[in-house]
C-alpha cells in the first residue's frame, strides 16, 4: 500500500519495517532527502525501497550521474521538467559545492531551479524549492518551502502576517527568494556552458555518510515547534533504528482527528528557523517559547485568518498541498496490529507535554523516550517501546491500555523491561489484570509499589524492590494476645505453630528469601520471637519465660504508663512490663503449671513401675501429693490472672462543653456501652476455663450478662474515684444529681448509686471485687439450659470456691468467713434487679429512639433487640444465691 509522504514523495511501505511516532511522514521525507536522492518520476521512486536507492546512489560516480542525466532527453534543460524537488540541507559545503548543488540532476536529490519548478508546476505536482545556502541568515523557513510560485503567498491576509510576528518578515522572505532565483539561473547557465559536473554524492552529503548539521537542526526545529523533546535528537546516530520518531495520530476506531489550521505550525517553523543562531546548543532555545504560546492560543479558538482545504475557494486564505500531511491514515495496513494503542490528537501534542499530574483524558499522555536509556543491546527495540509511560513513575495518574499480565502486554504495545542486574519484570499498569497502584506506579503482579521517581536524569530506573508472585504466602504475625491456654486440655502437645503446615511451591530462588524454604518455626505467644518450648503452660521464648517467673513470684506491682494496650513484640517487649505480664496471663501462663507438669510426669512414672497394690504408706503419700497440688492452686495465682486481664479505662467520647440534654446524655451512654462491650468480650475470653465452654454457650453467657457486668464495674469505679457520691460511668461522663434527672432514668441511677455505696459499707477489697465480677458472668442462663450445661455448672462452682478461698485467706474464724460469704453473695444478687430495670429502660428507649433522637450503635441495637426480649419475657433468668 502506498502512503503519501510529507514533501510530496510516494513511498511504498516495505513489509519488514514499521514506523511509529509523531509526524512520521515529515521526518521520513527529510530522511529520504538526506540519504536517498531518488529519481525524478514517481514511478521510479516507487520501484525500489529507500535503502536500495541510497546504495545505488553511493555506487554511482559523479561522471556516470552526469552521463545518465544527459542521456535521458539529450538536453541539460531537461531538469526543468522534474516533478519533484528537494532541499539542500548541508550548510558546511564549500562554495563550489554550494553552487553545484543548485543545479538538479535526475539521480540526485538536489533542488531544481525556481524558474524551472514554476514551469513544471503546470502539469505535475508542485514541490518547494530551496533558497541559496550562501548566507546563514537565509535558512529556509516553512513559508519559503512553498516557493515563490505558491498562490497563497502573495495573497496572505494581514491576520496571518500578525501571527508571523510582523509584516516585514514576509517581505524579507520574498526578497530572498527573488535573489535566489536570479543567482541560481545565472550560475546554472554558466556551469552548463563550462560542462562542470552538477551533482555528486560528496557534494550532496558533504563528503560523509552522516546526517548534516542543517538536517539535524531542521529536525530539531520542527520537533521544538511541535512541542516534542529535543534531547533525543541530540544523541541520535544515523542508524534507522535509533530514530526517536513519535507518532501523534487519532485513536484507531475513534472519531477522526480535526486537522489544525496550517498557519500556526508555519508560524512556529518560521520563527524557530529564523531565530536559530549559528552556534547550536543541546538545549531548547528560549526563542521557541513565544511561538509555542501563540500557537496554543490559536488552538483555543483564535481566528488565524486562514483555513484548510474546505475553504480553498475563499480569497485571502493560505492553502497547503494535499500531500503535506502530518497525520497517519486510519486505513493503514498495520491498523489491525495496533488496536490497543492510544494515539493522541495533534493540537494537544503541539501544546507541549502537560504538567503533572496528568489529566484523565485518554489523549492526555505525551510519549517521550530516549534511545540511550536502553543501551546498545536495546538499539533495535528502542523505537518500538512507545508506551514507556514514564509519567506514571513520577506519581502521575495516567495508566496505559492493556492488562497487567506479561502476555497481555506483549499482545499490545506495552513492552517489558528488565534491569541488567536484577532481572526483575516491569510490566504495565494493568487495567484489568492486576491491582491498582496508590500513586499510579507500575504494578506487574497486582501489587502496589511505592511510588518513586527516576533514578537520574538519564532515565535509568531505580533498583527494583522484591516483588513476590501472587501465589506466595506471606508470613503471618504471631497470634492475637487473646489466645489463652486452656486449663482443661494439653493443647500445646499438638501445636503446629501459627503458620500451620505451609508449603511454598510457586516460589522462585531469586525472588524469595532463604527463610521461606525452611519449615515454619513456632513463635512465642508473648513477643513473637522464636519459641524455645512450653514454659509455665504456654509456648514462649526463653526471655518471656524468665520474665514471667520473676514478675509472678516477685512482690513488685507494675503499672502501665499508657492505656494498658502497649505493643509487645520482639523489639519492644521490655518497654512495658505491665502489659507484658498481662499478655503472659492472657496466654495462660501460671506458676503452678510447671509444678503440675512435673508431678504429672512423676505420677505416670510411678504408675508404670508399680504393678502391685499400693501400701498404706504409699496411699498416704499420694494423698499428701494431691493435697499439695490442691494447696498449690492457691488464690494468689488466680488473682494475678484476674488482675492482668482486667480492662482498662474506657472513655465515652462525650462533649462536656455542650449543654446537657436527654438525647446527648443517652447517646453518649449507648456509645460507652458498645465500647465497654468490646472489652467485656476480650476479658471473658481471657478468663480461666471460659474457652472450654461451647462456642454458643460463650456467646449466650456474654449477651445475657453484659448489663450486670457493666453496672457492677461502674459501681466499683464510683466507689474508688468519687466515693459513691456520683455515678462514674467514664472519665468524661460522670452523672451528678442534675444529669440523673436530665437523663429521665433517675430511679435507676439511684439504685446504681446505692450499689456503689454498698462497696464502701461492706469494705469490698479489690481481690473480692475481681472474683465477684468473674462469678457474675456465670449467673444468668436460659431456662432451657445451655448446650453443655454440666460443664457450665462445674465452671461456676469452681469460681464460687475461689471466692470462698479468697475470703478464707483473710479470715481465720470460720464464722466470720461464712458471714462474709453471705454478704458478698447478697451483693451479687442485688445486681440482677438493677440490670433487669435497665434492660427494660433500654428496650423502651430503642423503640422510641427515632422520636427522641437517641443514637444506638449497631452492636448495641442488635443485642437489645434480640437478646433483651428473652430476659424480659422470662426465657432467660438469673441464678440467685438466696431466695428472693
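Any Cβ shown, glycine's included, is placed from N, Cα and C.
These figures come from a predicted structure and were not determined experimentally.
According to Swiss-Prot, the protein carries these features:
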type: REGION; residues: 1-551; note: region 'Interaction with ZNF318'
type: REGION; residues: 1-522; note: region 'Modulating'
type: REGION; residues: 33-145; note: region 'Disordered'
type: REGION; residues: 174-207; note: region 'Disordered'
type: MOD_RES; residues: 204; note: phosphotyrosine
type: MOD_RES; residues: 248; note: phosphotyrosine
type: REGION; residues: 275-294; note: region 'Disordered'
type: MOD_RES; residues: 288; note: phosphotyrosine
type: MOD_RES; residues: 327; note: phosphotyrosine
type: MOD_RES; residues: 338; note: phosphotyrosine
type: MOD_RES; residues: 343; note: phosphotyrosine
type: MOD_RES; residues: 344; note: phosphotyrosine
type: CROSSLNK; residues: 367; note: SUMO cross-link
type: MOD_RES; residues: 374; note: phosphotyrosine
type: CROSSLNK; residues: 485; note: SUMO cross-link
type: MOD_RES; residues: 499; note: phosphotyrosine
type: REGION; residues: 516-883; note: region 'Interaction with LPXN'
type: MOD_RES; residues: 516; note: phosphotyrosine
type: ZN_FING; residues: 524-544; note: zinc finger
type: REGION; residues: 536-626; note: region 'Interaction with HIPK3'
type: REGION; residues: 556-883; note: region 'Interaction with CCAR1'
type: ZN_FING; residues: 560-584; note: zinc finger
type: REGION; residues: 589-883; note: region 'Interaction with KAT7'
type: DOMAIN; residues: 633-864; note: domain 'NR LBD'
type: SITE; residues: 862; note: site 'Interaction with coactivator FXXLF and FXXFY motifs'
type: MOD_RES; residues: 880; note: phosphotyrosine
The zinc finger (524-544) - residue tally per DSSP class, helix then strand then coil: 3 helix, 7 strand, 11 coil
Within-chain partners of the zinc finger (560-584) [C-beta distance under 8 Å, separation at least 6 from its ends]: 478, 481, 526-529, 536, 538, 540, 543-544, 547-548, 551-552, 644-645, 647-649
Residue 862 (site 'Interaction with coactivator FXXLF and FXXFY motifs') in three-state DSSP notation: helix
Pairwise CA distance, residue 880 (phosphotyrosine) versus residue 862 (site 'Interaction with coactivator FXXLF and FXXFY motifs'), rounded so that it is a whole Å: 27
Secondary-structure category, per DSSP, in which residue 880 (phosphotyrosine) falls: coil
Which same-chain residues, if any, lie at least 6 apart from residue 862 (site 'Interaction with coactivator FXXLF and FXXFY motifs') yet have Cβ under 8 Å of it: none
Three-state composition of the zinc finger (560-584), taking helix and strand from DSSP: 8 helix, 0 strand, 17 coil
